[in-house]
Amino acid sequence: MTRKKLIIGLVLVVCHCVVELEAQLQVGFYRSSCSLAEFIVKQEVRNGFITDNGVAAGLVRMHFHDCFVRGCDASVLIDTTPSNTAEKDSPANNPSLRGFEVIDNAKARIEALCQGVVSCADILAFAARDSFEITGGLGYDVPAGRRDGRISLATEASSNLPPPTFDVNQLTQTFSNKGLTQEEMVTLSEAHTIGRSHCTSFSNRLYNFNTTTSQDPSLDSLYAGQLKQQCPQGSTNPNQVVPMNPSSPTISDVGYYRDILANRGLFTSDQTLLTNPQTRTEVIQNTQNPLIWRSKFAAAMVKMGQTGVLTGNAGDIRSNCRVINS
């Protein structure tokens with residue numbers, strides 16, 4: 001066999017493996033086995049949004065936090081037991097995650113219709129898509145066929161999820177570890193355009209930034225003053241929250257990038273996107289091209305949603321998303 005034929009053969013084998021991997025998740029996976037599954041999830045997201053429009057941000061965040069720990073296997077939905085502290089009760093998730101009741105309601109309705117067919121991991125992926133869409137983002141097809149994991153550890157959430165104090169290099173590495181590019185990191189960071197944050201996630205930027213200055217000098221002083229009114233120093237109230245994008249906290253738009261360019265990024269991990277020439281350029285480009293950003297965000301969500309998935313005979317189809325099957 002010539003060297004050229006050998007290289008061609010290896011390329012074909014690699015391509016075949018990639019196709020096999022991607023084919024494990026399919027758009028319309030439940031078309032014949034539970035055709036109403038995606039419709040039911042969309043209904044429950046809408047119902048939850050009507051009750052509390054902040055639930056959309058919670059579900060997008062929940063999907064991200066699920067995929068970054070053990071892959072997109074719905075481990076973030078599992079409840080803590082006397083013998084195990086689950087992901088959802090890690091400081092990285094509690095009390096910030098919300099929207100669990102939307103997943104519960106969708107799962108109960110789907111189980112009544114198609115018992116043991118639709119995974120909690122897929123329900124969460126559908127719900128994140130529907131949440132982005134209901135807040136003004138593009139709808140997109142979600143490849144499905146994920147199965148549910150059996151392990152959920154709070155310690156793994158803390159070690160895999162990027163904290164709000166990360167700089168651009170740390171963020172780039174964290175996303176790279178999950179198979180996502182730096183550009184996709186910038187694109188997905190815009191999810192902070194909706195939702196809220198607890199004061200404890202950024203108060204260090206207001207009162208205890210470093211040994212030489214109490215307030216982060218990169219933070220707009222007027223905005224810092226507003227934040228200090230909302231988050232008083234020394235407050236012991238763990239439930240104090242502020243909108244992450246005050247001008248449009250329930251709309252998926254490029255307001256997040258505009259805030260960063262005005263030095264009004266809420267977290268260190270937001271404002272740091274201006275400290276790198278490439279990520280700064282991407283922030284500017286996304287600000288100027290909101291329709292292109294929406295398309296990029298949808299594509300990045302699809303890619304992230306394929307991180308470390310369980311398929312075939314791996315994992316389970318949980319009957320209750322909060323409990324591992326006995």
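The backbone N, Cα and C atoms fix where each Cβ goes, and this holds for glycine too.
Noted in TrEMBL for the protein shown:
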type	residues	note
ACT_SITE	His65	active site, proton acceptor
BINDING	Asp66, Val69, Gly71, Asp73, Ser75, Glu87	Ca(2+) 1 binding site
BINDING	Pro162	substrate binding site
BINDING	His192	heme b binding site
DISULFID	Cys34-Cys114	disulfide bond
DISULFID	Cys67-Cys72	disulfide bond
DISULFID	Cys120-Cys321	disulfide bond
DISULFID	Cys199-Cys231	disulfide bond
SIGNAL	1-23	signal peptide
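Less than 8 angstroms from the CB of Asp73 (Ca(2+) 1 binding site) sit Asp66, Ala121, Arg146, Arg147, Asp148, Gly149, Gly308, Val309, Leu310, Gly315, each of them six or more residues away in the same chain. The Cβ of Cys114 (disulfide bond) lies under 8 Å from the Cβ of Tyr30, Ser33, Cys34, Ala37, each of which sits 6+ residues away along the same chain. Highest local Cβ density among the disulfide-bonded residues Cys34, Cys72, Cys199, Cys231, Cys321 belongs to Cys72, counted as other Cβ atoms within 10 Å over all protein chains shown. Checking the recorded positions (His65, Cys67, Cys72) against Glu87 (Ca(2+) 1 binding site) with a 10 Å Cα-Cα cut-off leaves His65. Long-range Cβ proximity for Val69 (Ca(2+) 1 binding site), meaning a same-chain Cβ under 8 A and a gap of 6 or more residues, is found for Ser75, Val76, Glu87, Glu156, Ala157, Asn160, Leu161. In this structure, the CA atom of Cys231 (disulfide bond) is 19 Å away from the CA atom of the residue listed as 'heme b binding site'.
Neighbouring residues of the recorded Ca(2+) 1 site, listed in sequence order and excluding Asp66, Val69, Gly71, Asp73, Ser75, Glu87, comprise His65, Cys67, Phe68, Arg70, Cys72, Ala74, Val76, Gly149, Ser152 (Cβ within 8 Å of the Cβ centroid). Rounded to the nearest whole angstrom, the C-alpha distance between Cys321 (disulfide bond) and Cys67 (disulfide bond) is 16. A simple way to gauge crowding: the CB of Pro162 (substrate binding site) has 19 other CB atoms within 10 angstroms, across all the protein chains here.
When the recorded positions Cys67, Gly71, Cys72, Cys120, Cys199 are ranked by how far their Cα is from the Cα of the residue listed as 'substrate binding site', Cys67 comes first.
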